[in-house]
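Colleague: Structure provided below as structure tokens; questions to follow.
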Amino acid sequence: MERDRQALEIAVAATDSAVHKVEAPPPTTSLEKMKTRVKETFFPDDPFRHFKGQPPRRKCVLGLRYLFPVLDWLPYYNLSFFKSDLIAGLTIASLAIPQACMHAHDHNTHMYIYKKKLTHTSFVPPLVYSVLGSSRDLAVGPVSIASLIMGAMLRQAVNPNTDPNLFLQLAFTATLFAGVFQASLGILRLGFIIDFLSKATLVGFMAGAAIIVSLQQLKNLLGIVHFTKEMSVVPVMASVFHNVNEWSWQTVAMGIAFLGFLLVARYVGMKRPKLFWLSVGSPLASVIISTLIVFLVKAQNHGISIIGNLKCGLNSPSWNKLVFDKAYLSVVIKTGLTTGIISLTEGIASGRTFAALRGYQVDGNKEMMAIGLMNVVGSCTSCYVSTGAFSRSAVNHNAGCKTAMSNIVMALTVMITLLFLMPLFAYTPNVVLASIIIAAVIGLVDVPTAFQIWKLDKVDFVVCLSSFLGVIFISVQEGLAIAVGLSIFRILLQTTRPKIVELGNILGTNIYRDIHQYRDAKGVAGFLILAIEAPINFSNTTYLKERMTRWIEEEKSMNEKELDLQYVILDLSGVPTVDTSGISFLIDLKKTASKFDLELIFINPLGEVMEKLQRANKMQGFLGVNSLYLTIHEAVFSCTSFLAERKL
């Protein structure tokens, strides 16, 4: 028979094969194992490796450089670098000033926030980050999504129009909690928590949030006075069409004109990289031009709302304005955690993206500490949550920045604006700020990436779509929670339903591969060769036992008229870990195989698995003399030789 001949061919081909012994790892104490596990879990980059073998003075210098990354580049800074950073800093400042206005505007409390000069968020945090951050390209400041979420969540507890002082105090307190949470993740080396926000989740969330942000701007784009406080698409659109009588044609005309200008400038900047300055300068140009138009024609008297009176000066410290009252503690903690996660994810993702383009490394845990500490400092200096925005960082990168000095240049430029130039923005129309917001967030709707996700992984696309629909139809928080929940459910499904494959021999070789993937891989007579490609633990042992028992029964019935099934070979080389339930499963599987008059053979159990198998064998003695082999080929050769000898 064909399968019998194949088994003989394998035996002949391997007559000179040596059977290698499967060895357990060197014995170690439980304390040593725990140290290794903690190191691999929390310190995979081994941040202290540079300190080994160094004299005390050198260790002190390395410690300061680790805590303050500015010391890595400052000693080598030169005039050439400063010229590049000066240009980049002034460029992102021209973008940051109108963006700071619009992000404060996102709170729907722009009048009061302007008077309290929350443009500080583009002044204080960049200074802190330039000392503590490890990215050369990240440009720090307020971002649309975090501003939107903070404003929406705090409005659930306080009406900013009736109690603006309390609203600001809650914003500062939420920023403090966001910063403490972010810094704690870095200090405790828990950055892997952010990895639960998958790319599919972020693509859907960002697109949904961009739609919500844009819809919120319809209030000022159309000149509507009475507008809903809800965020989801249905009540927003209902409010828009319910208040048609409040639409102002002057406001609509100005909004469409400037929105068109901003979108065209953005398109030209994307298509022609040498003209990127058009896209960068268009927001500031829009603010200047619209302010001049309103001032010259007195447009505020013709239905166009403006920002209003603005005073120069720097903010007073806000550490005495933080609120820890029980009545508001729950909402500020939830707001801080939500905005902290979102802003941290965007900041780290942006930093890693541009670091990859320039060929340097960004330390994720350092970034968490830097972003967290700058928000802690910001909460005490009248700033709300900030991070490194992708759009602003892209401008910083394209403008040729060399170091984090560009953030310092931007911060000083914003400070000068705060001290001397703020009254110039008093006549800035709100409709233009709304246009700037829409033009800025429209790039977050990443259709090409969503299409790629659809092509690569349909389940990931479902997660992406769920995140998007949840954000626009329910709320930002619930949409994000749904997407993260689906991602975690997928991980749990992969854990509880691990992949099991049947392996076959590729004729003429000693290689065994999945028979459903490789056409040349054929089953070996008398053998059922299976491989588990996942950890074995309490969550999947029941499934594994049921699936493999059924597999043995089916294979046994198929072999009744041919060579009887004699061996079940289980490849454990794809099983990195096993727990007590997993060991019990392997023992039970051995017993199940015996009931069918089969012998179960284990192939290449890895260190931890082999160690636990040996311990269990000492207690229960379930492993036979020929129950362990290093390779499938050695097991097949040895067992085939034994069968041939038995026939003789």
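Glycine is no exception: its Cβ is also placed from the backbone N, Cα and C atoms.
Grabbed the feature section from TrEMBL, which reads as follows:
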- 517-639: domain 'STAS' (DOMAIN)
- 138-154: transmembrane segment (TRANSMEM)
- 166-188: transmembrane segment (TRANSMEM)
- 200-218: transmembrane segment (TRANSMEM)
- 247-268: transmembrane segment (TRANSMEM)
- 275-297: transmembrane segment (TRANSMEM)
- 368-387: transmembrane segment (TRANSMEM)
- 408-426: transmembrane segment (TRANSMEM)
- 432-454: transmembrane segment (TRANSMEM)
- 461-489: transmembrane segment (TRANSMEM)
Colleague: Mind checking which residues of the chain, 6+ beyond the ends of the transmembrane segment (200-218), have their Cβ under 8 Å from one of its Cβ atoms?
Modeller: 106, 108, 144-145, 148-149, 224, 227, 231-233, 236-237, 240, 345, 349, 434-435, 437-438, 441-446, 449-450, 453, 457, 460-461, 463-472, 476, 479-480, 483-484, 487
Colleague: Ranking 138-154, 166-188, 275-297, 368-387, 461-489 by the number of C-beta pairs under 8 Å to the transmembrane segment (432-454), which range is first?
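Modeller: The stretch with the most contacts is 275-297.
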Colleague: Within the same chain, where does the transmembrane segment (461-489) have neighbours whose Cβ lies under 8 angstroms from its own Cβ atoms, ignoring anything closer than 6 residues to its ends? I mean 6 or more beyond.
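Modeller: Apart from its flanks, the transmembrane segment (461-489) reaches 145, 148-149, 152-153, 196-198, 200-201, 203-205, 207-209, 211-212, 231-234, 334, 338, 342, 450, 453-454.
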Colleague: Name the range, of those listed as 138-154, 275-297, 368-387, 408-426, that has the largest tally of Cβ pairs under 8 Å with the transmembrane segment (166-188).
Modeller: 368-387
Colleague: May I ask for the residues of the chain that lie six or more residues beyond the transmembrane segment (275-297) and have a Cβ under 8 Å from a Cβ within it?
Modeller: 91-92, 94-95, 97-99, 101, 254, 258, 261-262, 265-266, 268-269, 304, 306, 395, 398-399, 424-425, 427-429, 432-433, 435-436, 439-440
Colleague: Would you list the DSSP helix, strand and coil counts for the residues of the domain 'STAS' (517-639)?
Modeller: 56 helix, 22 strand, 45 coil
Colleague: Roughly where does the domain 'STAS' (517-639) sit in mean pLDDT, to the nearest integer?
Modeller: 87
